[in-house]
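Pulled from TrEMBL:
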{"type": "SIGNAL", "residues": "1-17", "note": "signal peptide"}
{"type": "DOMAIN", "residues": "75-767", "note": "domain 'Myosin motor'"}
{"type": "BINDING", "residues": "Gly169, Glu170, Ser171, Gly172, Ala173, Gly174, Lys175, Thr176", "note": "ATP binding site"}
{"type": "REGION", "residues": "605-637", "note": "region 'Disordered'"}
{"type": "COMPBIAS", "residues": "622-633", "note": "compositional bias 'Basic and acidic residues'"}
{"type": "REGION", "residues": "647-669", "note": "region 'Actin-binding'"}
{"type": "COILED", "residues": "919-1102", "note": "coiled coil"}
{"type": "REGION", "residues": "1111-1148", "note": "region 'Disordered'"}
{"type": "COMPBIAS", "residues": "1122-1134", "note": "compositional bias 'Low complexity'"}
{"type": "COMPBIAS", "residues": "1139-1148", "note": "compositional bias 'Basic and acidic residues'"}
{"type": "REGION", "residues": "1173-1193", "note": "region 'Disordered'"}
{"type": "COILED", "residues": "1332-1414", "note": "coiled coil"}
{"type": "DOMAIN", "residues": "1510-1786", "note": "domain 'Dilute'"}
Amino acid sequence: MRLHPRLCCACLNLLHARVWIPDTEEVWKSAELTKDYKQGDASLQLLLEDGANLGYKLDPKMTNLPYLRNPDILVGENDLTALSYLHEPAVLHNLKVRFIDSKLIYTYCGIVLVAINPYETLPIYGTDIINAYSGQNMGDMDPHIFAVAEEAYKQMARDERNQSIIVSGESGAGKTVSAKYAMRYFATVSGSASEANVEEKVLASNPIMEAIGNAKTTRNDNSSRFGKYIEIGFDSRYRIIGANMRTYLLEKSRVVFQADEERNYHIFYQLCASSHLPEFKTLRLSSANDFLYTRQGRSPVIDGVDDTKELCTTRNAFTLLGINESYQMGLFQVLAAILHLGNVEIKDKDADSSLIAPNNRHLTAFCELVGVTYQDMAQWLCHRKLKTATETYIKPLPRLQATNARDALSKHIYAKLFNWIVEHVNKALITNIKQHSFIGVLDIYGFETFEINSFEQFCINYANEKLQQQFNMHVFKLEQEEYMKEQIPWTLIDFYDNQPCINLIEAKMGILDLLDEECKMPKGSDDSWAQKLYNTHLKTCSLFQKPRMSNRAFIIQHFADKVEYQCEGFLEKNKDTVNEEQINVLKASKFDLLVELFQDELKATSPTGQVPGTGGRTRLSIKPDKSREASSKEHKKTVGCQFRNSLQMLMETLNATTPHYVRCIKPNDFKLAFSFDPKRAVQQLRACGVLETIRISAAGFPSRWTYQEFFSRYRVLMKQKDVLPDKKLTCKNVLEKLVQDQDKYQFGKTKIFFRAGQVAYLEKLRADKLRAACIRIQKTIRCWLARKKYLRMRRAAITIQRFTRGYQARCLAKFLRRTQAATIIQKYQRMYVERKRYRQKQAAALAMQTILRAYLARQKYTALLREHKAVIVQKHVRGWLARCWYKRCLYSIVYLQCCIRRMRARRELKKLKIEARSVEHFKKLNKGMENKIMQLQRKIDEQNKENRSVNERLAGLESSYTAESERMRGELNRLRGVEEEAKNKANQVTSLLEELEKVKKELKATQQEKKTIEDWAQTYRNEMEKMVSELKDQNGLLKKEKDDLNRLIQEQSQQMTEKMARAIAEETQQLVTDLNEERSRYQNLLTEHLRLEEKYDDLKEDIALSLNVSKPGHRRTDSTHSSNESEYTYNSEYTELEEGSRASEDVTRGIDTSLTLKLQKRLTELEQEKQSLRNELENKEEQYQRARARDDAEFKKARGAELEYESLKRQELESENKKLKHNLAELRQSLLGNAATGAGAPGSPAYNVLLDQLNASCEELEVRKEEVLILRSQLVSQKEAMTHKDEKETMTEPSVFVEDVSKLKDADEIKQAYVGLKDTNRLLEHQLQTQRRTYDSEVESLRGELQNVKEENNRQQQLLAQNLQLPPEARIEASLQHEITRLTNENLDLMEQLEKQDRTIRKLKKQLKVYSKRIGEMGAVQAEGQTSPGQMVDEPIHPVNIPRREKDFQGMLEYKKEDELKLVKNLILELKPRGVAVNLIPGLPAYILFMCLRHADYVNDDQKVRTLLTSTINSIKKILKKRGDDFETVSFWLSNTCRFLHCLKQYSGDEAFMKHNTQRQNEHCLSNFDLAEYRQVISDLAIQIYQQLIKCMENILQPMIVSGMLEHETIQGVSGVKPTGLRKRTSSIADEGTYTLDSILRQLSAFHSTMCQHGTDPELIKQVVKQQFYIIGAVTLNNLLLRKDMCSWSKGMQIRYNVSQLEEWLRDKGLMMCGAKETLEPLIQAAQLLQVKKKTDEDAEAICSMCHALTTAQIVKVLNLYTPVNEFEERVSVAFIRTIQTRLRDRCESPQLLMDTKMIYPVTFPFNPSSLALETIQIPSSLNLMFLTRV
């Protein structure tokens, strides 16, 4: 809207206002007013965004004021009509911001969806996106093609009116892709009404039509060169049942000519690229560059496209649509023939004729491919036949005309082929189901203008004129309806009407009429037609113009632009003539497909050659002309006439539907990703009518607010007194005060309508008010901060003063203390000096006295000492003389001893040195640390022994020396006597002196030798001590090395332990992950199986219903019958199912055989998948089964031994019975013999004795008979039990056996013997089979053990080889580790065997107790029946009062076989969960069913067990199918199914499940049947019920989540409502009926309380709550990622508050540890991402580390969608988003944008035993189960 004087007065000051000015490069450029504008100013002073100043001149005569720019708060809106100023620059800027900055390609413009081609694959078209848009209102989500498709689908279902989606745009804008995604949406959301996969066929038509109708152009690599309108049919339940396609104006000229950088249709290049395939060898194709029709554009290859793969896709699509392989090869044969025909070279024969060279290989190939003769085709390619009234002429053609005729034939063949394919695609898409409604998707060319525009562009623009007129009328109509609905005064809005342009083209004497008239003229030409156009329209129509420089062109002023058309070729293209003789040659072809293509040449056809639809279609169609004669005229209609008629039919169809518009925009001509060219965009916006929509909206009241939204947004502009209870009156009063001009707004019934620019003015007032409030808040805060700072400074000053004064006082006190201390120090110092001087003087006096006294004492001592020493000298001299002789003797003796010892020591030393040098010594020293230490210690002990021996020797020497000394003394005394005698004998003195000298010498020598020995001993002692010290050091080193090695071993063992622990933890985690994945896959298969079963039931019901309608006498299947049978049911169920399937097969034989076959195939595949999964589980449990087989074998051995014992006992009793009979006969004979003599007369003693004996014998006989019968019946029952248990292995029939035994009562001895013999044979046969099975199991176990031994041997060899390569220390360590591992494994194996043996022993003991108990009961029965008849007669009967004992119940319920249906009906089908949950114990139905099952097990009735379990499972499935949407019902049966499963485990008898049982509960375990397989079936049923429960909760929660978590303002006033456009979104104000967060919390509490009342396991409740929170988080996050209006700071705060409330709910329920909180982590991080700063690199790093639960695509999407609600918030810059993408580039994650809301965590059912005793359970009468009897 341009600047308005009224607006100027309202704004008062336009300084710094922002405006748009025209620009040659950018079309529109933004600027800011630097000077206020006054009325009459000649120019505006502007400041551009680049900082340049500009003077913008104004024309005073014209109102050329620049457009005002919208506030930044409104930029980037989803709907262009939400902009306050609606004009071209605002639209262009909004589209550019969304496309470049936010990467959003879709934008609403009123009722139009503007789609900009990104030229890049975006992840916004997946199934998750489709599910997110399904069921949503159009304004609630971001703009998307899926939103338009959902709106069309919803209006079709709601209004019962057909819909159409019109997709338009120029080539390369993305029309075909948009139409394709719309059809994909319908196919995904609606599904098909049958198993024929109609939606897949509809989508499969796309690759076919793209192959034959799309080509590469300069603007688009996949441009549709035809228009198509696809009607997608729906039934009454709005499921796809079929489709129909109409095509318009195929560009046939492309077959024979392509411009530069363009290609022919894709199918030709696909065939050439696949020419190397074997099946295409007969087509004689080669490279595309070898054919004229494919090489003219010189661009045979498209980057990124593999034509070979594309052909495979096309062929698969043909197959899916029912076009078989032979037809496909026929089509390819025709296409190859067209290529060969284009290569046929026609040469000049002369000026007026031409010829084809003989044996032209391409013509030969053409003729062979199409089955015609070479001569005929060569003849009529160069000639034509002219017919006159009387004669027929054959005229030769010049080369140019012959070439044109050849190309015309090629185009005609291709057009026929195209129409044939379209016709067969329609046949494949048509169904026999009645169509209820349809949605049409129109993919048609947009307005086109080129440098040279011809007949094709004329038709395209003519069609766009018609569509634009329809669009304008529809927009005008919607505006009028909106105003009338709101009771706004209606004023006529002037809008562009292009009816004059349409009249110029299609009216009488219009361009098309003149063209058809000229085509009928014999010598009509393009020039003469141009002259007629000039003469007719040049002066009469202002829209028709003639170019100045041309007489063969004309100009038409279209609604979008002026277009100049060249007249050359118009007549030829309009005639579309083909040589009739060429057509006749082709009709005579031997090629059936070619004949089929031309068989309708003489029939009236539409421009597309289609047949009318069948099957009750309701689409609008035009009736044909009156008579059949008109068909020939219809065939002669021109292309223009045909196109006009088909366009008229299209417009009638569109007018009969509700249209939805998609306008595709091409952003640039270079196919650059996310590159925006404003010039091209504006050109297309003008051409597609978007700006016309804006202009119509801007002419009225474009901005529309509800009263609630206006009040919420502009509440800040109101005063408290202005707020009234009536919000409508409040808005009126406030608006009248704010806007004085009444014409600027209007009040409707529910909305306020504003003129353009008024919302911007109100936003300015709101921003000013908020800015003033912000300034006031800032002022107050700054004052508070300043005062706070002043008070802080004042407190700091006072504190400083206090501390300063204290410091000064402390300094004074310190000075006084120091002065006093100095005085004291001086006093003590002086005292110390005086005392020291006194002590020195005293010490000197004492020293002098001491010295003097000491001198006198020494003198006296010296005198005494001299006297004493003189005496000593005398004594020693005398002693020395005696010792000298003694020493000489001793020296001699010691010398001799030392010599001998030295000789021995040298020998010993030499031996030690030899040993020390030897290698064996070193080996012994190194032989182990402990041995070495022991040797060293032993050597030290030996050295100590030697030292002791040496000491002993020294002591002996000393003792001998002492004795010798004594002897020498005696000798000396004797010598003295001799000396005395010598005095008397003077002659002996000389000899004695000589002898004395000799003794002295010997003594001296002896002393020297002694000294030498002592030195050697000392040296040896030192060496020994040194050696000992060295050994000790070496021992210490060895100990240290040992400690180091031990520490290293401990460290290595610890590291190995930690490593093994980590590896085990990782492996455990991986196994847990694999288990969860396997469990998830298994549960998904169960879900798919259940879905197929339900679909199968629905099909059966539909078939039965249709048969009831068609055949009144036919009976429907019983409603109680269910086909949801488990895969574990027995043969009877399979027989019934087969009979039911045969019956249904007979029923459906005439309806849809392919559908039934496909369903059966799908069921078979699912069964195979499930069976494969079951096989995997069985393989994993193989070890358990093997152990169980061994237990069964042992049990059967014991049973066989018991049977043999009972058989022997029976035979013994029979022999005794025969003996008794024999005795009885003898007694009778003796009685008869004695009767004659009278000795045995009655009454006699002998008679009485014999009678007593006879009675006793009879009684014993009766007892023996009863024992025999009892034993036989017991044998029969046991035999039956074993027969039922091994019915798969036993070859005898139990029915025959029972029949034989039943004849025992009344049979004679022969029959009894025969039966006994047969029993014996059977017993022997059973024993033989048992032994064979035992032998087989033993052989199998021995083979397994042998294999294990082989594996162990191989492993030992590998370990030995590895150990030999290791060093000795590592070898020892490895061997020890291996030995420890082996012993550990053996211990574990032995422990397992011991546990198995213990379990077997306990099991056998338990069975023995049962059998002994049974025998005891039978013995008691026998004892009761053993009273003799005589006793009963003789003894009188006295009445005895027998006390009635309380019956001891066994926790079983007995029922009759015929009451089973009644039990299931009352307990399952007709049970009300609410009454049971409130009044009775939880899980009561499960307990009752299990007690009934226990009784069936107790009586050993396998048929009863089987039927009871099967009926229970089927009944639960039936009640869930009937009331599967009721949460209470599903929760109730989930709880009871789990409880029933736990009971089957708890009382199964398995040791693992009996740990928590009481003794009484262990006695109640099942004794006869192993129901492990049924436990698996019931577990599968529980999984199905759990998934049904999750779906039920999801259906309840789904409508609440978005409203409660996102839209509702839990914290009022935080977020404001932004202006909205025509597509109104759901209000965030909590109106009545709007869901809030409290609604979600109440619903969660209701779910939790219901499950608790039903007694659901706590672990299962945790899993349910976790799934609930995952759904809440996923749905909320997905909607956040798809809604731009929700990505703001205030919304992040709301989300975090809502999440905190959910966490508080978890905390209140005690469920914080169930994992539910972790499922909300992505939503929490998304809310944090909305609130954190988003500017600097540090912020980017923080975001990357914070948002670890979000993917890169989700983070970037949130940042792109972030939208400020107020002016104070800032947008996220593109550079910041690039930084985030760079930092997150290395993340390895899924590129998926949305979370999978359909994902269900795999459920587990942990074993939860019940402490309730079965015998204490009472059955209430309200259940109507009086037929049950407690046992």
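Even glycines carry a Cβ here, placed using N, Cα and C.
Heads up, TrEMBL stuff is auto-annotated, nobody curated it.
Here the structure is a predicted model, which means the values were calculated and not measured.
All chains included, 23 other C-beta atoms sit within 10 angstroms of the C-beta of Thr176 (ATP binding site). Per-residue pLDDT, averaged over the coiled coil (919-1102), rounds to 79. Other than Gly169, Glu170, Ser171, Gly172, Ala173, Gly174, Lys175, Thr176, the residues of this chain whose Cβ falls within 8 Å of the Cβ centroid of the ATP site are, in sequence order, Asn117, Asn220, Ser223, Ser224, Gly446, Cys664, Lys666. Its Cβ taken as reference, Glu170 (ATP binding site) is surrounded by 24 other Cβ atoms within 10 Å in the chains shown.
Taking each of the binding-site residues Gly169, Gly172, Gly174 in turn and counting other Cβ atoms within 10 Å of its Cβ gives the largest count for Gly169. DSSP places the residues of the region 'Actin-binding' (647-669) in helix, strand and coil in these numbers: 9 helix, 8 strand, 6 coil.
Shown in sequence order, Thr217, Arg219, Asn220, Ser223, Ser224, Tyr445, Gly446, Glu448, Lys666 are the residues of the chain, 6+ apart in sequence, with a C-beta less than 8 angstroms from the C-beta of Ser171 (ATP binding site). Residues within less than 8 Å, Cβ to Cβ, of Lys175 (ATP binding site) and separated from it by at least 6 positions along the same chain comprise Val167, Ser168, Gly169, Ser224, Asp443, Ile444, Tyr445, Gly446, Cys664.
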